[in-house]
Every structure is written in C-alpha cells, then in structure tokens.
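Notes follow the structure.
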Amino acid sequence: MPLRLLLLLLWLWGLQWAETDSEGQTTTGELYQRWEHYGQECQKMLETTEPPSGLACNGSFDMYACWNYTAANTTARVSCPWYLPWFRQVSAGFVFRQCGSDGQWGSWRDHTQCENPEKNGAFQDQTLILERLQIMYTVGYSLSLTTLLLALLILSLFRRLHCTRNYIHMNLFTSFMLRAAAILTRDQLLPPLGPYTGDQAPTPWNQALAACRTAQIMTQYCVGANYTWLLVEGVYLHHLLVIVGRSEKGHFRCYLLLGWGAPALFVIPWVIVRYLRENTQCWERNEVKAIWWIIRTPILITILINFLIFIRILGILVSKLRTRQMRCPDYRLRLARSTLTLVPLLGVHEVVFAPVTEEQVEGSLRFAKLAFEIFLSSFQGFLVSVLYCFINKEVQSEIRQGWRHRRLRLSLQEQRPRPHQELAPRAVPLSSACREAAVGNALPSGMLHVPGDEVLESYC
C-alpha cells in the first residue's frame, strides 16, 4: 500500500477521535466506508450531470470534497463533506475552490470552515511518524539508486569480471534501480491526500491521471522484476551447489527470460482486470482484494521459494564448514557471516511479514510492520551493492590491478622509451578474476577441490 494512501487512512482513523455519538465512538471501518460512499455518490452525480456548453472546469472528487462542473473564472462552493464525524458542528460551512479562466482548477482551495474544531494530538503525532517514514524510504531508495549505478558501472567496465554470476548480479542491480526510480516517480505523481488549507492546497492531478496510472503499472512491473531476479539469484546459487557437473553458462538466457519476462505474466492480467473492474483514481487503492492478489500471490511464491532455497543453502554451509572445522575453528563465525550476507541477496527478510496483510494488523504492530518493510526494502539495494561489489575481494583486486596498470602506463609514458623497447603490462588471465564454479579442480596441495567451496567463497 502506498504510504500516501496510508496517510489518508490514518487521517480518517484520526477523525474518529473527534466525536462520540449516542451509540458510541465511530469505528475506523465505518468511517472509511462513509468516506468511500461519499466518493461513489460523487461519481454517480457527475455521470448523470450534463457538462455546461461553455468553458468549464471538470467535475471531480479530490479525495476530500465533491466538485461539480464549474464555469471558468468563478469560485466554486460546496457544503462540508457529510462523512466528517464533526459534520453536525460544521454543517453550515463550505469548501471553496477556484476555477481559472482557462477552464482548469487552480491550486487554491479553502476548507477552513470544515476543519475539526478539536485538534487531536495523537493523530498529529502518528501523521508525523508516517511523514518521517516517507522521508526515510526516499533517502533509502535515493542512496540505493546511487550506489547501484556505481556498482553496475564497475562490473561493466572490468571485462575480467564478466561471467554468469556477475551478469546475474548486474541484472539484479538493474532491477533494484528500476524499482527505486519507479517508486520515487510514482510518489511524485500520486494524488496528494488529506486536508489542506489556503495556499497549501496541492495542484489538481486529474490532468496527470494517465501518467500516474502508467507510473503505477511500471512500479508494479519493476517491483515484480526485482522479486524474480532475487529468485534467479537463489536458483542459480542452488544449482551451483547442488546440481554439480553441469555448466550454468548456457542457462543465462533462461534466467533473463525468467527475470524480465515472468513479471509480465501477472502484471498484464492485473492491468486488464483493474481497468475493467476497478478503474478508479490512480489505481493506488486496492479495494477489491481479489484483484490485488493477482500480483501479491506470485510475489509471495517467489519469497517462499527463496526462503526454502536459503534453508537448503544453510544446510550445505553447515555441512561443509563442519568438515573443515579442524582447519577453520571459527566456522560458527563464518556461518553467521555467510548467513547475513545471503539474507539481502535472496530477500529472506521478506518472509517475516509476508503472510501478514494490511487488514490483519492494527495499531503499533501495523506501524512496526510498515517501518520494517520500508526500511529494508529501500536500503536493500544499497546493502546488495556493498556486499557483492564494493567489498567483494574479486572486485577490489580488479580495481587495484587496474590502478596499478594505469600508474605503470603513466610511468612508461614519462620515461618515453623507444618503440621497440616499450613495455606493456602483463595481462591477468580471465580465470583469476571471475571464476565459474568447476567440479574436480585440483588444489595446489594435490587434493581434489570440494564441489561448492569456490562458490561459497565467491558469495559468502
């Protein structure tokens, strides 16, 4: 659920504190139903109303009040919305909005006559918490976007790092970048929710509805692609460790098809059903839960599969580290480090709250779930880029070698040697930088290489 929508729900929830009728306090569900019913009545009214013949502003429900068609260069006035719990206290009040001379709604809106006479401190505090969470995930996605772009450039520029494993990493980095960019773009296009006063009223977004829905579709695809590439990482690592004796180089096209093609299999049906059955606003509200499960179900399946792969890999890690316990007495520390390293790569943290829906949690648990998911999702790309690029030993070795080669070339240019005496830096074999897993490799000691050890070293 987008954070701006949650801000609206929190606002509606906060309204119930303001008034208690003879039958008791209004529940959150009843309040939301009244607000939803108000919006539906507005849509029906607009459908049955003939637009004026001259230049006029379009009728719309701006998530607060219902506005009829209004002649250009006039100020529209409507009664305070009846869904407000304190409506009896402000029933004589009005909301005002300016229709410009060009037939477009202006940014000015005044509903001071409809404001709650009694401000609620608890609601304001929780609204502040959600606004800070939005700032946090904006910082997280921005940081992830920057570090992922740098990591992608590093893996692309150093040719000796080109192998199937790093190709998959690069596609995963790209999916994280697209997810971050799509979410940040969607936030800018989503309709501002909640009440505003005077000059704080936001610019109407009806004209950008198509762009907003397009951004919503792209966001769902990018999020789905991110989960499928996390699944590709898990499947690839599992194949390297379990299905020994078979090369993975020829499977990369299948991984590409799975990573970028699978999300379209559930996003396209969701778009069609959403357009036919729930074509409202910017598609940010999921009122018909069956439609939302078209997207949610495949994502939950990928999370579950990756969690099972994670458990399987942990079993392999434990068995291999125990066999080398005499040589590696700190195997428990290495196991803990490997476990923590694989968590962001496979998205294992998602399994904590994945089975819990928005309707199943309330109060503090809902905020805890939201904060947990927002923090880890926004900073996950940053963690993956750091763990699998910036502090990766192979990447660091290539950067050092590239720096030494550059210094050597500069030194040779300064010495100005004769053409037949010019020296070239010695190339490093491909296998020394990016090694694919091989079965039966001989170690310097003459012992046979244990299948999977090199893979675990590369990942963990």
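Each residue, glycine too, has its Cβ placed from N, Cα and C.
Of the listed cysteines Cys80, Cys99, Swiss-Prot assigns the disulfide bond with Cys114 to Cys80. Judged by Swiss-Prot topology annotation, Arg165 lies across the membrane from Val288.
For Cys42, the disulfide partner named by Swiss-Prot from the candidate list Cys66, Cys99 is Cys66.
Looking up Asn73, Asn226 in Swiss-Prot shows the N-linked glycosylation site annotation sitting on Asn73. Checking the candidates Cys99, Cys163 against Swiss-Prot, the cysteine paired with Cys57 through a disulfide bond is Cys99. Long-range Cβ contacts of the transmembrane segment (256-276) within its own chain (Cβ-Cβ under 8 Å, at least 6 residues beyond either end) map to 171, 175, 217, 220-221, 224-225, 227-229, 231-232, 235, 283, 291, 294-295, 297-298. In this structure, the disulfide-bonded residues under consideration are Cys42, Cys57, and the one with the smallest number of other Cβ atoms within 10 Å of its Cβ is Cys42.
Averaged over the topological domain 'Extracellular' (19-134), the predicted model reaches a pLDDT of 79. Using a 10 Å Cα-Cα cut-off around Asn73 (N-linked glycosylation site), the recorded positions Cys42, Asn58, Cys66, Cys80, Cys114 reduce to an empty set. When Cα-Cα distances from Cys99 (disulfide bond) are compared across the recorded positions Cys42, Asn58, Cys66, Cys80, Cys114, the shortest belongs to Asn58. Checking each of the recorded positions Cys42, Cys57, Cys66, Asn68 against Cys114 (disulfide bond) by C-alpha distance, the shortest gap belongs to Cys66.
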